[in-house]
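Record features (TrEMBL):
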- 11-106: domain 'PH' (DOMAIN)
Amino acid sequence: MGSQLVDSQLVLPSCGTLFKWTNYINGWRERYFEIKHGQLVYYISKADQASGCRGSISLKSLEVTLHEFNECEFSVSVGTDVVWYLRAENPHSRTLWIKALNNGSVSVAF
């Protein structure tokens, strides 16, 4: 997992693996995510970066919503047009990703 240093003590991810909900047939799929150039982008895998990103969301108007019952899940959205349902490997990883996204100026809804 790539990282960025904040407050000289907390290391936040700038890239790494999250699970993304695709649909009811395929369910959760592991994807490689990066926070770069003011956007959250994802690829099928780290090795597949040369093929280009599969999607991106601007951090400028991004809203993060925590899952009510699952401590590893959260969603990111821009209005009602785009919603990505994401799951980290554990609650601590989710917290770090959310802090990293907040560092990119997003709002968090609880």
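Don't overthink the numbers, they just go from 1 along the chain as shown.
Note: Cβ is positioned from N, Cα and C throughout, glycine not excepted.
Keep in mind that this is a model prediction, so the values were computed, not measured.
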**Fill in**
Using DSSP three-state counts, the residues of the domain 'PH' (11-106) come to 19 helix, 48 strand, 29 coil
**Item:** Average pLDDT across the domain 'PH' (11-106), rounded to a whole number
**Value:** 91
